[in-house]
Amino acid sequence: MSAARRARIRRGALRLLLLAAALLAWPGNARADGLVLSLSKTRVTITSSFTGENIVLFGVIEPGADMPATGASPAHDVVVTVRGPNQSFIARRKERRLGLWINVDSRSFLAAPSYLAVLSNRDPMLMSDADTLRQEQAGFGNNRLLQRIGADYADVVPQDPFRQAFLRVKQAQGLYVENVSGVEFIAPRVFRAVFPIPGRAPIGTYEVVVKVFTDHILTQRAALRLDVAKVDFEQAVAGAAQDHPWLYGFICAFGAIAVGFCANIVFRRD
Amino acid sequence: MTIYLPIAELPVNVFTLLAMGVAVGFISGMFGVGGGFLMTPLLIFLGVSPAVAVASVSTHMAASSFSGALTYWRRGQVDLQLGAVLLAGGLAGTLAGVIAFKVLRSFGQLDLVIAVAYIVLLGTIGTLMVVEGFGAVIRQRRGVKAPVARPGAHPLFLRLPFKMRFRQSHIYVSVIPVVTISFAIGFLGALMGIGGGFILVPALIYLLRVPTVTSVGTSLLLTLFTMFAAIIMHAVLNQTVDAVLGLVLMIGGTVGAQFGARAGQTLKAENLRLLLGLLVLAVGLRVAGDQIARPADLYSVIIDERTP
């Protein structure tokens with residue numbers, strides 16, 4: 001192989017890589033092999049009237065090399081996982097001691113998703129074998145939740161009471177969502193999923209991961225990003241509190257006194 | 001109508017917040033208490049994180065205490081001199097309380113210590129006030145005059161050295177018990193996250209024999225200064241002051257405080273003390289109930305603030 005030919009191949013490969021990167025970087029759309037995804041919105045903007053929003057994900061599974069383009073297309077299973085920015089949490093357990101319910105035990109959850117939505121077209125447990133599902137973190141119970149155990153970090157068995165309590169509390173807050181019929185196939189290769197971004201959703205970049213199983217084997221995967229950000233007045237207030245804390249503090253303090261003074265004048269009777 | 005709180009990062013109903021502000025403001029204006037011990041738990045119940053709740057409530061308390069203090073000031077019911085001495089002791093106590101807070105947290109049982117402190121403190125003060133208040137009300141019904149305090153009848157601790165005359169309060173007492181009381185209140189306030197007005201008012205009335213209305217007016221002045229310092233401290237150290245949340249609470253709170261202050265003026269001093277006693281006792285019982293009753297979920301999850 002001549003040096004010129006080798007260089008041409010390298011250039012060609014580079015061009016392909018750039019094209020793939022450009023496609024992936026295109027906001028709201030992703031294309032990985034045979035999976036095309038699109039979000040109804042790539043940026044959730046929080047204004048003063050924000051109370052939450054539903055985001056729609058569309059996906060098309062293109063016929064790939066592993067599936068025949070002709071004949072009956074095999075059944076596909078889809079798992080959509082949306083993860084919010086990571087946060088650390090402490091879970092505590094109460095017990096009765098001397099008549100009082102007090103915290104006796106606690107666990108630290110390290111870098112757990114602050115928001116988690118898992119949607120699928122059917123129970124993920126039916127899509128593949130348990131090991132594959134756990135490895136791919138497909139399914140609500142299969143998401144890794146690292147706990148601090150001594151000096152180590154590890155995930156524990158799904159039956160662990162702290163792990164279950166953590167998921168239960170987060171679900172009650174509306175920040176963890178599980179829907180085993182949340183992915184709807186419009187056509188054999190076209191699906192649609194709706195996930196809620198609640199009003200109290202944390203700010204940051206969310207990751208939307210889609211995994212397609214065909215005949216119990218993972219065949220496609222693709223990821224998208226979704227930004228949740230404050231804008232306008234909300235951003236101005238949060239920014240001022242962060243960047244000019246002294247000024248912000250004094251404005252708040254004197255503002256409070258001004259409001260108190262106004263109220264006193266307005267209601268003055270004597 | 002909902003509004004998004006930019007620092008607390010969640011949407012809440014404006015009218016719920018306004019109503020909470022009015023209700024707590026009414027109580028705070030009536031009794032000269034900051035109302036933090038009522039408002040902070042209410043906000044946490046709405047889903048606001050404790051750090052943001054405590055910091056934002058200070059703006060509400062600054063506004064309503066200023067508005068209330070002005071009303072008392074016009075009637076000559078604020079003792080500036082007593083307020084200054086109390087403030088000096090209170091600031092020193094706050095510093096000691098912050099240090100104790102850190103030490104206790106390192107032992108991991110801060111929640112329990114706070115709950116027990118609430119129960120013991122509120123239970124004791126509430127019971128004493130209710131018993132005394134009932135006694136006073138019954139005495140008045142029967143037409144018996146309350147025993148008049150004579151100079152010679154002062155308890156021993158008021159006759160310690162460094163005596164000072166507080167003209168507005170009509171007392172001539174040693175500075176030592178005044179500073180001790182305000183130090184203890186500053187200490188407990190920092191430890192328990194409360195302004196301490198509901199402890200200060202009874203302490204001024206029963207221990208220092210300050211007239212009830214002057215106690216309330218002076219306590220409002222002290223709350224104003226403490227909360228002003230707290231807003232700046234929280235804004236600079238933690239960035240947890242939510243201006244939008246504070247503003248809504250403040251508007252409701254100052255309106256409520258006006259009506260509260262007026263209601264306080266029309267009530268007889270004995271009834272006012274009895275009512276405050278019942279309120280303090282009720283909050284103490286509520287905290288005790290929370291500790292004794294089996295919680296709905298034995299597990300709780302909080303965001304770990306130490307590791308961002």
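Glycine is treated like the rest: Cβ placed from N, Cα and C.
Straight from TrEMBL, the features:
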TRANSMEM  B:12-31  transmembrane segment
TRANSMEM  B:37-59  transmembrane segment
TRANSMEM  B:80-101  transmembrane segment
TRANSMEM  B:113-138  transmembrane segment
TRANSMEM  B:169-185  transmembrane segment
TRANSMEM  B:220-237  transmembrane segment
TRANSMEM  B:243-260  transmembrane segment
TRANSMEM  B:272-289  transmembrane segment
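Listed as Cβ neighbours of the transmembrane segment (B:243-260) (distance under 8 Å, sequence separation of 6 or more from its ends, same chain) are residues 3, 5-8, 12, 14, 17-31, 35, 39, 43, 48, 52, 56-57, 59-61, 63-65, 67-68, 71. Sequence-remote contacts of a segment are chain residues at least 6 beyond its ends whose Cβ falls under 8 Å from one of its Cβ atoms, and for the transmembrane segment (B:169-185) they are 79, 82, 85-90, 92-93, 96, 151, 154, 157-163, 196, 199-200, 203-204, 207-211, 214, 218, 222.
Below 8 A, the CB atoms of the transmembrane segment (B:80-101) and the transmembrane segment (B:12-31) form no more than two pairs separated by six or more positions in the chain, fewer than 3 in all.
For the transmembrane segment (B:220-237), the partner stretch with the highest count of Cβ pairs under 8 angstroms, out of B:12-31, B:37-59, B:113-138, B:272-289, is B:37-59.
Note on the transmembrane segment (B:113-138): residues 104, 146, 188, 191-193, 198-199, 202, 206, 270-271, 273-285, 287-288, 290-291 of its chain, located 6 or more positions outside it, place their CB under 8 angstroms from a CB of the stretch.
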